[in-house]
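Right, one structure below, let's go through it.
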Amino acid sequence: MMTKFDSTFRNEVNITQPYIQGETEDEVRRKYHLDKVVKLGSNENPYAPYYHSKNAMIRSISTLNRYPEDDFVNLKQLLADENDLKPENVALGSGAGNIIETISKMFINEGDEVLIAKQSYRLYREVSKLMGGKVIEIPLTDDYQFDLEEFQHKITDKTKLIWICNPNNPTGTVTDASKLEAFMDQVPDDVWVIVDEAYAQFANHLSLANFVRYIGRKRVMVVRTFSKFYGLAGARLGYVLADPEAIQAYDTVTEPFNTNRTAIAGAAAAIQFDQAQIEGTRKKILGDREGLIESLGLLGFSVAPSQTNFVFAKLPDGAPNATTIADALMKQGVIIRDCTPWGYPDHIRVTVGTHKELEFFLSKLTAVLSNL
Ligand SMILES: *Cc1c(COP(=O)(O)O)cnc(C)c1O
(Lines of atoms letter the chains of each structure in order from A; the text may use other names.)
(Lines give C-alpha, C1' and ligand atoms only; values in the text may rest on other atoms or scores of the structure.)
Protein backbone atom coordinates (compact mmCIF):
# COMPACT_ATOMS: atom_id res chain seq x y z
CA MET A 1 0.00 0.00 0.00
CA MET A 2 1.34 3.43 -0.94
CA THR A 3 2.09 5.77 1.89
CA LYS A 4 0.41 9.11 1.42
CA PHE A 5 1.43 11.05 4.53
CA ASP A 6 4.12 9.32 6.58
CA SER A 7 4.80 5.69 7.46
CA THR A 8 4.57 6.48 11.20
CA PHE A 9 0.89 7.39 10.81
CA ARG A 10 -1.75 4.67 11.22
CA ASN A 11 -2.03 2.64 8.02
CA GLU A 12 -5.66 3.67 7.69
CA VAL A 13 -4.71 7.35 7.80
CA ASN A 14 -2.41 6.85 4.85
CA ILE A 15 -5.17 5.43 2.66
CA THR A 16 -7.75 8.10 3.54
CA GLN A 17 -8.48 10.94 1.10
CA PRO A 18 -8.59 14.51 2.39
CA TYR A 19 -12.04 16.11 2.44
CA ILE A 20 -12.48 18.32 -0.63
CA GLN A 21 -13.80 21.63 0.61
CA GLY A 22 -15.48 24.22 -1.53
CA GLU A 23 -13.30 27.21 -2.40
CA THR A 24 -13.56 30.04 0.10
CA GLU A 25 -14.63 33.54 -0.88
CA ASP A 26 -11.40 35.10 0.38
CA GLU A 27 -9.22 32.71 -1.59
CA VAL A 28 -11.05 33.45 -4.81
CA ARG A 29 -11.18 37.20 -4.20
CA ARG A 30 -7.42 37.36 -3.64
CA LYS A 31 -6.44 34.95 -6.39
CA TYR A 32 -8.40 36.69 -9.14
CA HIS A 33 -8.37 40.27 -7.78
CA LEU A 34 -12.16 40.45 -7.63
CA ASP A 35 -14.38 42.85 -5.70
CA LYS A 36 -17.43 40.66 -5.71
CA VAL A 37 -17.50 36.93 -5.07
CA VAL A 38 -20.68 34.88 -4.80
CA LYS A 39 -20.33 31.56 -3.03
CA LEU A 40 -22.74 28.89 -4.23
CA GLY A 41 -20.47 25.94 -3.56
CA SER A 42 -21.21 24.74 -0.03
CA ASN A 43 -25.01 24.74 0.32
CA GLU A 44 -25.02 27.39 3.01
CA ASN A 45 -28.13 29.39 3.90
CA PRO A 46 -27.76 33.08 3.00
CA TYR A 47 -30.69 34.22 5.16
CA ALA A 48 -29.39 33.12 8.56
CA PRO A 49 -28.64 33.34 11.42
CA TYR A 50 -32.22 34.22 12.28
CA TYR A 51 -33.23 36.99 14.65
CA HIS A 52 -33.80 35.18 17.95
CA SER A 53 -31.11 32.66 17.17
CA LYS A 54 -28.55 35.42 16.69
CA ASN A 55 -29.52 37.20 19.91
CA ALA A 56 -29.37 33.98 21.90
CA MET A 57 -25.89 33.31 20.56
CA ILE A 58 -24.73 36.80 21.51
CA ARG A 59 -26.11 36.32 25.04
CA SER A 60 -24.43 32.92 25.33
CA ILE A 61 -20.97 34.44 25.05
CA SER A 62 -21.00 35.71 28.64
CA THR A 63 -21.50 32.10 29.83
CA LEU A 64 -18.62 30.59 27.89
CA ASN A 65 -16.47 30.15 30.99
CA ARG A 66 -18.75 27.20 31.87
CA TYR A 67 -19.08 23.80 30.21
CA PRO A 68 -22.34 23.33 28.33
CA GLU A 69 -24.36 21.16 30.72
CA ASP A 70 -27.99 22.23 31.02
CA ASP A 71 -27.82 23.37 27.42
CA PHE A 72 -27.57 19.79 26.18
CA VAL A 73 -30.59 18.78 28.26
CA ASN A 74 -32.80 21.59 26.96
CA LEU A 75 -31.96 21.15 23.31
CA LYS A 76 -32.38 17.37 23.49
CA GLN A 77 -35.85 17.88 24.92
CA LEU A 78 -36.79 20.27 22.10
CA LEU A 79 -35.53 17.87 19.45
CA ALA A 80 -37.26 14.92 21.11
CA ASP A 81 -40.57 16.82 21.16
CA GLU A 82 -40.19 17.76 17.51
CA ASN A 83 -39.76 14.09 16.56
CA ASP A 84 -42.18 12.42 18.99
CA LEU A 85 -39.28 10.80 20.79
CA LYS A 86 -37.71 11.00 24.26
CA PRO A 87 -34.54 12.93 25.17
CA GLU A 88 -32.89 9.50 25.59
CA ASN A 89 -33.27 9.12 21.82
CA VAL A 90 -31.19 12.23 21.06
CA ALA A 91 -27.47 12.99 21.03
CA LEU A 92 -25.59 16.02 19.75
CA GLY A 93 -22.35 16.54 17.91
CA SER A 94 -20.22 19.30 16.50
CA GLY A 95 -21.93 19.12 13.11
CA ALA A 96 -23.21 16.10 11.20
CA GLY A 97 -19.65 15.50 10.03
CA ASN A 98 -18.51 14.97 13.61
CA ILE A 99 -21.48 12.67 14.24
CA ILE A 100 -20.70 10.61 11.13
CA GLU A 101 -17.14 10.17 12.34
CA THR A 102 -18.27 9.13 15.82
CA ILE A 103 -20.73 6.61 14.38
CA SER A 104 -17.98 4.95 12.37
CA LYS A 105 -15.90 4.68 15.57
CA MET A 106 -18.87 3.06 17.32
CA PHE A 107 -19.46 0.28 14.85
CA ILE A 108 -16.67 -0.53 12.46
CA ASN A 109 -14.21 -3.30 13.27
CA GLU A 110 -11.36 -4.01 10.91
CA GLY A 111 -12.69 -5.95 7.91
CA ASP A 112 -16.35 -5.11 8.47
CA GLU A 113 -18.16 -4.43 5.23
CA VAL A 114 -19.72 -1.02 4.78
CA LEU A 115 -22.11 -0.19 1.93
CA ILE A 116 -22.31 3.30 0.47
CA ALA A 117 -23.53 4.90 -2.73
CA LYS A 118 -20.68 5.77 -5.08
CA GLN A 119 -22.05 9.27 -5.74
CA SER A 120 -22.88 10.52 -2.29
CA TYR A 121 -21.40 12.48 0.61
CA ARG A 122 -17.76 11.42 0.59
CA LEU A 123 -17.13 11.49 4.31
CA TYR A 124 -18.87 8.11 4.77
CA ARG A 125 -16.21 6.40 2.72
CA GLU A 126 -13.24 8.08 4.38
CA VAL A 127 -14.33 7.61 8.00
CA SER A 128 -15.22 4.00 7.27
CA LYS A 129 -11.80 3.36 5.75
CA LEU A 130 -10.18 5.13 8.66
CA MET A 131 -11.67 2.51 10.99
CA GLY A 132 -10.44 -0.34 8.80
CA GLY A 133 -13.80 -1.01 7.17
CA LYS A 134 -14.06 -2.57 3.73
CA VAL A 135 -16.05 -0.05 1.73
CA ILE A 136 -18.30 -1.32 -1.06
CA GLU A 137 -19.53 1.40 -3.42
CA ILE A 138 -22.79 0.99 -5.30
CA PRO A 139 -23.53 3.41 -8.16
CA LEU A 140 -26.76 5.40 -8.11
CA THR A 141 -29.43 4.48 -10.64
CA ASP A 142 -29.76 6.56 -13.83
CA ASP A 143 -32.38 8.73 -12.12
CA TYR A 144 -29.98 9.41 -9.23
CA GLN A 145 -31.67 7.19 -6.66
CA PHE A 146 -30.05 4.69 -4.33
CA ASP A 147 -29.99 1.34 -6.14
CA LEU A 148 -31.60 -0.57 -3.31
CA GLU A 149 -31.78 -3.88 -5.17
CA GLU A 150 -28.03 -3.71 -5.60
CA PHE A 151 -27.58 -2.75 -1.93
CA GLN A 152 -29.64 -5.79 -1.00
CA HIS A 153 -27.51 -8.04 -3.22
CA LYS A 154 -24.31 -6.75 -1.61
CA ILE A 155 -25.39 -7.49 1.97
CA THR A 156 -23.38 -10.43 3.35
CA ASP A 157 -22.85 -11.80 6.84
CA LYS A 158 -19.88 -9.39 7.09
CA THR A 159 -22.00 -6.28 6.42
CA LYS A 160 -21.90 -3.97 9.44
CA LEU A 161 -23.47 -0.78 8.25
CA ILE A 162 -25.14 0.99 5.37
CA TRP A 163 -24.89 4.76 4.86
CA ILE A 164 -27.89 6.36 3.19
CA CYS A 165 -28.06 10.04 2.27
CA ASN A 166 -31.64 11.20 1.72
CA PRO A 167 -32.03 13.66 0.04
CA ASN A 168 -28.68 12.82 -1.54
CA ASN A 169 -25.70 15.14 -1.88
CA PRO A 170 -24.52 15.98 -4.62
CA THR A 171 -27.60 15.02 -6.66
CA GLY A 172 -30.30 16.71 -4.54
CA THR A 173 -32.61 13.79 -5.22
CA VAL A 174 -34.78 11.77 -2.84
CA THR A 175 -34.94 8.00 -3.11
CA ASP A 176 -38.50 6.72 -3.43
CA ALA A 177 -40.04 6.42 0.05
CA SER A 178 -41.88 3.16 -0.53
CA LYS A 179 -38.73 1.54 -1.95
CA LEU A 180 -36.66 2.72 1.01
CA GLU A 181 -39.22 1.46 3.49
CA ALA A 182 -39.47 -1.90 1.73
CA PHE A 183 -35.68 -2.07 1.86
CA MET A 184 -35.66 -1.26 5.59
CA ASP A 185 -38.20 -3.99 6.22
CA GLN A 186 -35.89 -6.62 4.79
CA VAL A 187 -32.49 -5.38 6.05
CA PRO A 188 -31.09 -8.07 8.37
CA ASP A 189 -31.60 -7.17 12.02
CA ASP A 190 -27.89 -7.06 12.80
CA VAL A 191 -27.04 -4.49 10.11
CA TRP A 192 -27.04 -0.79 11.04
CA VAL A 193 -28.59 1.69 8.66
CA ILE A 194 -27.33 5.24 9.13
CA VAL A 195 -29.45 7.85 7.40
CA ASP A 196 -28.01 11.29 6.76
CA GLU A 197 -30.91 13.74 6.51
CA ALA A 198 -28.85 16.95 6.28
CA TYR A 199 -31.38 18.37 3.79
CA ALA A 200 -34.59 16.72 5.02
CA GLN A 201 -36.25 20.01 6.00
CA PHE A 202 -36.09 21.23 2.40
CA ALA A 203 -37.79 18.10 1.07
CA ASN A 204 -41.42 17.42 0.42
CA HIS A 205 -42.45 15.43 3.49
CA LEU A 206 -44.76 13.14 1.61
CA SER A 207 -41.92 11.93 -0.59
CA LEU A 208 -39.42 11.44 2.24
CA ALA A 209 -39.12 8.00 3.83
CA ASN A 210 -39.79 8.13 7.56
CA PHE A 211 -36.77 6.54 9.20
CA VAL A 212 -37.54 7.86 12.66
CA ARG A 213 -40.38 5.37 12.95
CA TYR A 214 -37.88 2.51 12.59
CA ILE A 215 -36.08 3.57 15.78
CA GLY A 216 -36.48 0.78 18.31
CA ARG A 217 -37.64 -1.67 15.62
CA LYS A 218 -34.53 -1.78 13.44
CA ARG A 219 -30.92 -0.83 13.96
CA VAL A 220 -31.12 2.68 12.61
CA MET A 221 -29.64 6.10 13.38
CA VAL A 222 -30.92 9.33 11.80
CA VAL A 223 -28.41 12.17 11.48
CA ARG A 224 -29.40 15.81 10.95
CA THR A 225 -27.64 19.16 11.10
CA PHE A 226 -28.24 22.81 11.92
CA SER A 227 -25.79 23.81 9.17
CA LYS A 228 -28.10 23.95 6.18
CA PHE A 229 -31.78 24.60 6.89
CA TYR A 230 -31.15 26.47 10.15
CA GLY A 231 -28.20 28.33 8.67
CA LEU A 232 -25.71 27.67 11.46
CA ALA A 233 -22.88 26.07 9.46
CA GLY A 234 -20.24 28.14 11.25
CA ALA A 235 -21.58 27.25 14.70
CA ARG A 236 -21.04 23.49 14.17
CA LEU A 237 -24.03 21.58 15.53
CA GLY A 238 -25.81 18.42 14.49
CA TYR A 239 -27.93 15.76 16.17
CA VAL A 240 -28.60 12.08 15.91
CA LEU A 241 -31.77 10.13 16.73
CA ALA A 242 -31.62 6.46 17.73
CA ASP A 243 -32.64 3.98 20.40
CA PRO A 244 -31.42 4.81 23.93
CA GLU A 245 -28.76 2.10 23.96
CA ALA A 246 -27.17 3.39 20.75
CA ILE A 247 -27.37 6.95 22.07
CA GLN A 248 -25.57 5.89 25.26
CA ALA A 249 -22.85 4.18 23.26
CA TYR A 250 -22.56 7.22 21.00
CA ASP A 251 -22.17 9.52 24.01
CA THR A 252 -19.49 7.20 25.36
CA VAL A 253 -17.50 7.18 22.13
CA THR A 254 -17.69 10.91 21.46
CA GLU A 255 -15.86 13.49 23.56
CA PRO A 256 -17.81 14.57 26.66
CA PHE A 257 -18.75 18.10 25.55
CA ASN A 258 -18.84 17.72 21.80
CA THR A 259 -20.49 21.00 20.95
CA ASN A 260 -20.61 24.47 22.39
CA ARG A 261 -22.98 26.74 24.32
CA THR A 262 -23.22 29.28 21.53
CA ALA A 263 -24.31 26.78 18.90
CA ILE A 264 -26.79 25.15 21.28
CA ALA A 265 -28.28 28.51 22.26
CA GLY A 266 -28.66 29.50 18.62
CA ALA A 267 -30.30 26.22 17.70
CA ALA A 268 -32.72 26.18 20.62
CA ALA A 269 -33.82 29.77 19.98
CA ALA A 270 -34.29 29.10 16.27
CA ILE A 271 -36.55 26.12 16.97
CA GLN A 272 -38.60 27.97 19.57
CA PHE A 273 -38.85 31.51 18.25
CA ASP A 274 -37.76 31.82 14.64
CA GLN A 275 -40.18 29.45 12.95
CA ALA A 276 -42.05 32.16 11.01
CA GLN A 277 -38.84 33.57 9.57
CA ILE A 278 -37.59 30.06 8.81
CA GLU A 279 -40.79 29.19 6.98
CA GLY A 280 -40.43 32.38 4.92
CA THR A 281 -36.89 31.38 4.02
CA ARG A 282 -37.96 27.91 3.02
CA LYS A 283 -40.55 29.35 0.64
CA LYS A 284 -38.03 31.81 -0.81
CA ILE A 285 -35.40 29.11 -1.37
CA LEU A 286 -37.85 26.66 -2.92
CA GLY A 287 -39.26 29.40 -5.17
CA ASP A 288 -35.82 30.57 -6.29
CA ARG A 289 -34.83 26.94 -6.84
CA GLU A 290 -37.64 26.50 -9.35
CA GLY A 291 -36.61 29.73 -11.09
CA LEU A 292 -33.00 28.57 -11.21
CA ILE A 293 -34.01 25.19 -12.66
CA GLU A 294 -36.05 26.94 -15.33
CA SER A 295 -33.23 29.34 -16.27
CA LEU A 296 -30.70 26.50 -16.42
CA GLY A 297 -33.13 24.59 -18.61
CA LEU A 298 -33.28 27.51 -21.04
CA LEU A 299 -29.48 27.44 -21.22
CA GLY A 300 -29.63 23.78 -22.22
CA PHE A 301 -28.86 22.15 -18.86
CA SER A 302 -30.86 19.22 -17.59
CA VAL A 303 -31.44 19.49 -13.87
CA ALA A 304 -32.24 16.60 -11.54
CA PRO A 305 -35.45 17.01 -9.48
CA SER A 306 -34.07 18.76 -6.39
CA GLN A 307 -35.48 18.37 -2.89
CA THR A 308 -32.70 20.43 -1.32
CA ASN A 309 -31.26 23.96 -1.32
CA PHE A 310 -29.03 23.13 -4.27
CA VAL A 311 -29.39 21.87 -7.82
CA PHE A 312 -27.45 19.25 -9.71
CA ALA A 313 -27.26 20.12 -13.38
CA LYS A 314 -25.94 18.32 -16.44
CA LEU A 315 -24.14 20.60 -18.88
CA PRO A 316 -25.65 21.30 -22.31
CA ASP A 317 -24.59 18.94 -25.11
CA GLY A 318 -21.34 20.06 -26.65
CA ALA A 319 -20.27 22.17 -23.64
CA PRO A 320 -16.79 21.58 -22.24
CA ASN A 321 -16.51 19.66 -18.98
CA ALA A 322 -17.58 20.78 -15.53
CA THR A 323 -14.02 21.55 -14.44
CA THR A 324 -13.62 24.04 -17.29
CA ILE A 325 -16.96 25.69 -16.52
CA ALA A 326 -16.33 25.86 -12.77
CA ASP A 327 -12.85 27.36 -13.29
CA ALA A 328 -14.16 29.93 -15.76
CA LEU A 329 -16.95 30.91 -13.36
CA MET A 330 -14.51 31.23 -10.50
CA LYS A 331 -12.47 33.75 -12.46
CA GLN A 332 -15.72 35.71 -12.80
CA GLY A 333 -16.34 35.57 -9.05
CA VAL A 334 -18.80 32.69 -8.79
CA ILE A 335 -18.00 29.62 -6.74
CA ILE A 336 -19.96 26.49 -7.63
CA ARG A 337 -19.13 22.80 -7.28
CA ASP A 338 -17.58 20.79 -10.09
CA CYS A 339 -18.97 17.25 -9.70
CA THR A 340 -16.03 15.49 -11.39
CA PRO A 341 -14.72 14.04 -8.07
CA TRP A 342 -18.03 12.15 -7.75
CA GLY A 343 -17.61 10.67 -11.22
CA TYR A 344 -19.85 13.24 -12.90
CA PRO A 345 -17.46 15.19 -15.18
CA ASP A 346 -20.35 16.90 -16.94
CA HIS A 347 -22.36 17.98 -13.90
CA ILE A 348 -22.22 21.00 -11.63
CA ARG A 349 -23.82 21.57 -8.24
CA VAL A 350 -25.13 25.04 -7.44
CA THR A 351 -26.48 26.26 -4.09
CA VAL A 352 -29.75 28.18 -4.16
CA GLY A 353 -28.39 31.49 -2.86
CA THR A 354 -30.34 34.74 -2.77
CA HIS A 355 -32.26 35.87 -5.84
CA LYS A 356 -29.56 38.47 -6.57
CA GLU A 357 -26.75 35.94 -6.21
CA LEU A 358 -28.50 33.61 -8.63
CA GLU A 359 -28.96 36.41 -11.15
CA PHE A 360 -25.23 37.17 -10.90
CA PHE A 361 -24.44 33.47 -11.37
CA LEU A 362 -26.75 33.15 -14.39
CA SER A 363 -25.33 36.22 -16.11
CA LYS A 364 -21.76 34.98 -15.62
CA LEU A 365 -22.73 31.47 -16.72
CA THR A 366 -24.32 32.80 -19.89
CA ALA A 367 -21.16 34.78 -20.65
CA VAL A 368 -18.91 31.80 -19.90
CA LEU A 369 -20.91 29.47 -22.14
CA SER A 370 -20.90 31.87 -25.07
CA ASN A 371 -17.14 32.50 -24.78
CA LEU A 372 -16.05 28.89 -24.78
C1 LIG B 1 -23.23 19.53 4.75
C2 LIG B 1 -23.45 18.07 4.94
C3 LIG B 1 -23.05 17.41 6.12
C4 LIG B 1 -22.20 18.07 7.17
O5 LIG B 1 -22.85 18.98 7.88
P6 LIG B 1 -22.20 19.63 9.16
O7 LIG B 1 -23.30 19.53 10.14
O8 LIG B 1 -21.91 21.04 8.77
O9 LIG B 1 -21.00 18.86 9.56
C10 LIG B 1 -23.35 16.08 6.28
N11 LIG B 1 -23.99 15.40 5.32
C12 LIG B 1 -24.37 15.98 4.17
C13 LIG B 1 -25.07 15.17 3.15
C14 LIG B 1 -24.08 17.32 3.93
O15 LIG B 1 -24.39 17.88 2.77
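Quick reminder: no glycine exception, Cβ is built from N, Cα and C everywhere.
Keep in mind that TrEMBL annotations are predicted by a computer and have not been checked by a curator.
According to TrEMBL, the domain 'Aminotransferase class I/classII large' annotation covers 36-364. If you look up TrEMBL, you'll see Lys228 marked as N6-(pyridoxal phosphate)lysine.
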**Fill in**
Students should find that the Cβ of Lys228 (N6-(pyridoxal phosphate)lysine) has, within 10 Å, a number of other Cβ atoms equal to 25
**Asked** Which value does the mean pLDDT take for the domain 'Aminotransferase class I/classII large' (36-364) in this predicted structure?
**Response** 97
